[in-house]
């Protein structure tokens, strides 16, 4: 049995994921869409792609952040309710990859918002994206457990 | 010799590149056509199409486009160019005979040097509205103003960009070392 | 009294959120004007090329766009080969054309799935994504990666066609000829699709020429332009390609979203035929002009000249211009014009006289290599009241219109 599915036994509700393209070439975004597609099918593991950050648990960010998108990325991050996790998919969000020197880039992503998981690759395979999101789930569950304990302690 | 403003159509019978080149030379001088290049393709190196590389002064540029329009409505690709010291050289890329059948396309690339002390070009917008994004881009990247372009807003650079910095210029108007960031 | 709203328009792709801002002027539900503001993904790529040599720029050009990445590579390489007069051996030309056609297949299938999703055929979206996986497998067998192949180089290609690949390609072609039929039915047999897509987002023949539209967008308006036909490059010098235009199939080109769907579906079948011809006529020989990379770089360092190449990418004509200076290893300047930017100029024209519910469909119909933003803000300019419409609501409006049409029996 995949280690992945063991993580998901502890989920109390299905995970809602939202994406934000902060200036990428769309390669990683297509691989994210392929992850929803029938062959890789992240939905069987209980994850759903939603359009609005207000309902989401996990934010997937792609791309080195352009100046235009910096404010919007921050706004999207702040609209998400706690506990939340951020996954950066692709090399350009992690380090800039080939876009390492420019007059219009504010990246990498962890310079703008705190990041929990980096999925490397250009673009990473859908299997790698699923693994990355599963690791974010683990972290999320820990955060949720902490929040609950803090609430009970009052 | 005026541009077809009201009727627009592509011709289906092409003329030869030699004929187009000769017409350009007869109106703009022998030096106007720099080169007629053949591009080959396939197993037996058959000719795929021809490209004409030309050069014209800024003040005769609109006449040049009108001359091209005598043959076919010029299909516009892009304005490319470079900062060459005292001038900004703009290359306009057009295509003639795009629907005239196999191997008949003729690409025309015309170089127009624009002096930096007078960075203005006449706009092609009233003739070919498809140039809008290219002219806006050339304006924000090189600082060349286009006379007759209705929408001169920034197209690729963000709203809060400092408009005195022209990213593709290589002199003091270009981005300094502080404006360029290294991500890693 | 009519209220005017200014609506910044939202995304049209479920996963792609590449922002382009389009402001729509509405009167009630009807769109009366539109302004488009691109630039959210401007990374300064042409600027970055100034301190890289042509081989390094190949890897940069692959990442301009994830869907049509190979088209950008080939256009760039052809421009360099034009500037430096580098010949390409015939076998390499055929392999390049093969990968270009494979890319066209997966791009059009992705588009067909998304277009169906936008009008409410969810299962067609999942079908499109599942079908696409077969092409991705073939590309992986050839190059080792699903996207960003790294297959081409100056003067040739780096990976050869093996007998195993030839067999996989043959199986794939046979598979697609059968399995792509549901999308073919959408344009031939489905009355709901016709009612929904006919006369939506019209771009007339004259406008397509005057506004320099390219690719399937121009062909749907009746312009018989296809760079593989008018200026054959690579293997198309030997393989004849005819531009796919609606008047050949239905007698008349309306220039609407239905015609764009039609053109792309037929181009998929055309690509399958071209792939068969490429594999049948693959010549023997070298795959690279010069195997030693250092010799290639030394040659390019001495080269001087400006090169220009335009090729037919899945979305239209992709143009690259490169200048090389003798004695300088780096690329002096580089200009890229992706096909979407030529077509985006026509968006305001296509929006005229259509309803708000059609907006996602129209934006998507030119197959933008860019998508739009998260949210939409509808402002009533007379009272200043603001209403926030989420992305989901806009998409839902688009799909709801289809349901209404279905209830009325497709009228």
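Glycine residues also receive a Cβ, built from the backbone N, Cα and C atoms like all the rest.
TrEMBL annotations: computationally assigned, not manually curated.
The Mg(2+) binding site annotation in TrEMBL covers C:46, C:336. The feature Ni(2+) binding site is assigned by TrEMBL to C:65, C:68, C:369. Positions annotated as Fe cation binding site by TrEMBL: C:68, C:372. The domain 'NADH-quinone oxidoreductase subunit D' annotation in TrEMBL covers C:119-375.
What TrEMBL annotates, mapped onto the structure for a quick look.
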{"residue": "C:46", "record": "Mg(2+) binding site", "DSSP class": "helix"}
{"residue": "C:65", "record": "Ni(2+) binding site", "DSSP class": "coil"}
{"residue": "C:336", "record": "Mg(2+) binding site", "DSSP class": "strand"}
Checklist entry - Least buried of the binding-site residues C:65, C:68, C:336, going by other Cβ atoms within 10 Å? => result C:336
Checklist entry - Just the number: how many Å between the Cα atoms of residue C:336 (Mg(2+) binding site) and residue C:68 (Ni(2+) binding site)? => result 13
Checklist entry - How far is it from residue C:46 (Mg(2+) binding site) to residue C:68 (Ni(2+) binding site), counting Cα to Cα, in Å? => result 17
Item to check | Other C-beta atoms that fall within 10 angstroms of the C-beta of residue C:46 (Mg(2+) binding site) | outcome: 20
Checklist entry - Near chain A: which of the binding-site residues C:46, C:68, C:336 have their Cβ closer than 8 Å to one of its Cβ atoms? => result none
Checklist outcome for this item: Across the domain 'NADH-quinone oxidoreductase subunit D' (C:119-375), the model's average pLDDT, rounded to a whole number, is 87
